[in-house]
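**Student:** Have a look at this one.
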Amino acid sequence: MTSTPLDKIRNFSIVAHIDHGKSTLSDRLIQTTGGLTAREMSAQVLDNMDIEKERGITIKAQTVRLTYKAADGETYILNLMDTPGHVDFAYEVSRSLAACEGSILVVDASQGVEAQTLANVYQAIDNNHEIVPVLNKVDLPAADVDRVKAQIEDVIGLDASDAVECSAKTGVGIPEVLEAIVTRLPPPKGDPNAPLKALLVDAWYDAYLGVVVLVRIFDGSLKAGQQVRMMQTGATHRIDKVGVFTPKATDVEYLGPGEVGFFTASIKEVADAAVGDTITDEKKPTAEALKGFKEVVPVVFCGLFPVDAADFEDLRAAVGKLRLNDASFTYEMESSAALGFGFRCGFLGLLHLEIIQERLSREFDLDLIATAPSVVYKIKLRNGDEIELHNPADLPDVMQIEEIAEPWIKATIFTPDDYLGGVIKLCQDRRGMQRELSYVGSRAMVVYDLPLNEVVFDFYDRLKSISKGYASFDYQLEDYRAGDLVKMSILVNSEPVDALSMLVHRSRAESRGRGMCEKMKELIPQHMFVIPIQAAIGGRIIARETVRALRKDVTAKCYGGDASRKKKLLEKQKEGKKRMRQFGKVEIPQEAFIAALKMDED
C-alpha cells in the first residue's frame, strides 16, 4: 500500500452536544462510503460499550478511515475521529481535535445550540480548526433551520449561511456532508522524508495484542520492524504491526504523513503509552516534540467498597483492568472502620464516576458501596506546608490549619427562560456567583462561578428536575479559593462513622447534618437500647435524631399488688439498658449508607 498524497487526505472530528446525532451521522458516513457492508452495519457502530449504546452517549473516542470518491472524480481518504460530547470526557475530545485539521459541528435543528456545543466548538477554535456547521434532524416536525442558523451566528460567531442540512437518520443530505468535508476542510501538512514525528492519540488494552496505540503521523513514516522511542517516557519499542480502522482493524504496510492508524509493539501496560506523547524513530529522532495535552487530573474522589468483604480481591483485579483502558481513572487502597477494605478512586466528574461504577457491577459482577463524592481540597498549614486532601476523614487537626481552599468552576447553563428563576435560585443556594446572563431567542444562557463541592453532590439532578430536563450544563475548572469549610462528622451511638464524614461550608452544615441524621434514623433498625445519631463539627453537636429502644414488658408477670416489686424490675431493666448502651455495638445496614450518601437536600 503506497502512502496517500497529502492533498487527498482529510482528518476531521465531529463535535456536538449529547444526543444531537454525532454517532448516527458517523454511522451514515461509514455506510455511504462502504466502510461496512449492510450486514455488518449496526446502530452506533463506533459506540462499542453496551453502556454507550444504552445511555446514548459516547465515552471513548473512536477513529475510522473512510475511502470516498468525490464529485471531482478523485478518491479521498477521510479519517473520522468520533468524540464524546459530555463534559466529563472533554479530555477525550481534546485528544481527537489535536489529531485533526477540521471539525464538523453538528447541531440538532430542533434543539439549537446547547452548553456542550459551545465548550467543544471553542476547543476546536483553539486548535485553529476549519469548522463546517451541519444541521441534523431536519426531518423532524419541530426542526427550525433558520432559527438555529441565527443561533450559531449569534452565540458561536460562525457564518452559518452555507451550513449543510441533513438527517442522519433518513440519510438525507449525507452526500453533501461528504462533499463539504472534501471541499471546505484543509488537507494535512507534513514531510514524508523528515524524521518520524507522530502524536500518540489514545491507547487501550487488547487481550491478544497487548497495548494497541492510536497515532496520527505528522512527519516521516511508521512501519513494522521499526524501532521507535516515546519522547516523554524515553521507552523504546519495536513495532510488530501497523494498521488502520475501517472500522474493522486492517493491517497496512506503513503509515505516512497526515494518516491516522494504530500499531502494536508488545507494550505491557497502557500507563507506558502516555497519551499526548510524541513518538519518533530511535535511530533518527526528531528535534522537537509535539505540543502534548494537559495532564488529566481527577476532580472527584470517592471510596468504593465491596458489599461482601470476600469480594475485595475481585475488586482489586477489576479496578486494575479498568485502569488499563482509562488512564484518567486513578485508585489507591484505603480501609474504613465501618466498611472494611476498599479503594479511594479519582474520576473526571460525576458521569465518569457513575460509568466506572456501572462497568464494575456489570462487567465484573461486583456489588459495591460508594462513599459520598468529595473534591480535592488544598490545605495551608500553620507551619507553612501545603497539602492536598482527597479524603475528608484525613483532615489534620483544626489547630494546625491556616486555611482550606476548595476548587471553583465556571458553569455555563442554557435553559428555556420559563425555568430561569428556578435555575438562578438553585445556583444561589449552592453559593454561586453570577457572572453573566444573556438571551438567545427564547433561551437564557447563565454563567455562574460555583464551588465544585456543591456541584458533585446532586446539582445536575436538581437542575434537570427544576427545568423538566430542558436545561443543559457544562463546566470548566477555574481556580482554588479559600472558604469557611468545616469537617462534619456523623456519630452513631457516640462513635464517629468515618465513611460519612465530609467537608461542608459552615453556612450549609446545619441543613446537611439534619438531613443526614433524619435519613439515618429511618434506616437504622431499633436495638434494645436508645441510639443517638448526631452530626458534629469538632466537639459541637449541630443536629440530633434518636432511634427509640425496643422495650420488653418486664412487669407483665406481676399480677396486681406491690408497686415496689414493679419499680425494682424496671430499675433493673434500666441498669441493664445503660450497660448495653455502653458496650453495645450498633450495626449500620448497607442500605443506610447508600441512602445517606444519595441524600437529596430539598
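For all residues, glycine too, the Cβ spot is worked out from N, Cα and C.
Computed from a predicted structure; not experimentally measured.
Feature list, courtesy of Swiss-Prot:
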- 7-189: domain 'tr-type G' (DOMAIN)
- D19, H20, G21, K22, S23, T24, N136, K137, V138, D139: GTP binding site (BINDING)
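Situate these features within the shown structure.
**Tutor:** DSSP assigns N136 (GTP binding site) to a strand in the three-state reduction.
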**Student:** Counting across all protein chains present, how many other Cβ atoms fall within 10 Å of the Cβ of G21 (GTP binding site)?
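**Tutor:** Its Cβ has 23 other Cβ atoms within 10 Å.
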**Student:** Taking every protein chain in this structure into account, which of the binding-site residues S23, N136 has the most other Cβ atoms within 10 Å of its Cβ?
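**Tutor:** The most densely surrounded of these binding-site residues is N136.
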**Student:** Under a criterion of Cβ-Cβ distance under 8 Å and sequence separation of at least 6, what residues of the same chain contact V138 (GTP binding site)?
**Tutor:** A109, V145, E165, C166, S167, V172, G173
**Student:** Over the span of the domain 'tr-type G' (7-189), how high is the average pLDDT in this prediction?
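**Tutor:** Mean pLDDT for the domain 'tr-type G' (7-189): 73.
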